[in-house]
Amino acid sequence: MTDLPPHALQPAEPVSVEQHMALSSLFTTLEDLTAWSRKHSLWPFNFGLSCCYVEQVTALTPVYDQARFGAEVIRASPRQADLLVVSGTVFHKMAAPLLRLYEQMRAPRWVIAMGACACSGGMYDIYSVVQGVDRFIPVDVYIPGCPPRPEAMLDALIMLQQQVGSERRPLGVTVGNSAGLGFDAPRRRDERHDQRMAQTLLDPPETL
């Protein structure tokens with residue numbers, strides 16, 4: 001027979017109904033529950049342009065384990081993502097495609113600018129480089145450095161999670177008129193359908 005301490009042989013004290021409810025029930029509001037779920041289930045879409053992207057993907061390795069923060073599901077399409085991570089030098093040629101990718105993301109959406117080039121243009125103060133990605137899309141968290149370490153990416157995720165968890169959005173953002181998930185805003189695909197179908201000439205690449 002295994003030797004047990006004397007208190008282990010004593011019968012457990014009965015648990016009251018109030019104590020049982022406190023241990024097994026959760027009381028919250030829909031806004032708080034929505035913010036909590038968004039905070040711990042960010043779906044990033046990586047837009048890597050240069051050396052900072054190497055440090056960004058390093059944060060996904062087992063050494064740093066970005067999965068601890070619920071942001072390891074890298075999406076291949078911006079339509080399935082709510083977090084855009086821009087890392088590297090943003091040239092003017094890439095500004096228009098990057099803006100289109102941002103517009104394709106479903107709201108609510110957030111942006112992280114990783115590296116000095118994405119934050120402010122870095123050392124490239126020249127005509128061909130955008131001096132900060134916030135010139136044409138809003139940025140929520142900036143990660144300075146050339147390049148920043150993977151730990152900085154994890155710190156940015158923590159800061160963004162705190163920001164997302166503190167946001168309180170109206171119920172209409174979560175539950176539409178038909179009680180289904182989604183937004184009541186019209187889709188850009190539907191808005192531009194007639195215009196795209198009537199277009200017969202394509203713009204040259206240098207005008208984009």
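Just so it is clear, glycine is given a Cβ too, placed from its N, Cα and C backbone atoms.
Database features (Swiss-Prot):
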BINDING   Cys51, Cys52, Cys117, Cys146  [4Fe-4S] cluster binding site
REGION    180-208  region 'Disordered'
COMPBIAS  185-196  compositional bias 'Basic and acidic residues'
Chain-mates of Cys51, Cys52, Cys117, Cys146 with C-beta within 8 Å of site centroid, [4Fe-4S] cluster: Ser50, Ser87, Gly88, Thr89, Met114, Gly115, Ala116, Ala118, Gly122, Gly145, Pro147, Pro148
Assigned conformation of Cys117 ([4Fe-4S] cluster binding site) - DSSP reduced to three states: helix
Cys51 ([4Fe-4S] cluster binding site), number of other Cβ atoms within 10 Å: 15
Fewest-neighbour residue among binding-site residues, criterion Cβ within 10 Å, set Cys52, Cys117, Cys146: Cys146
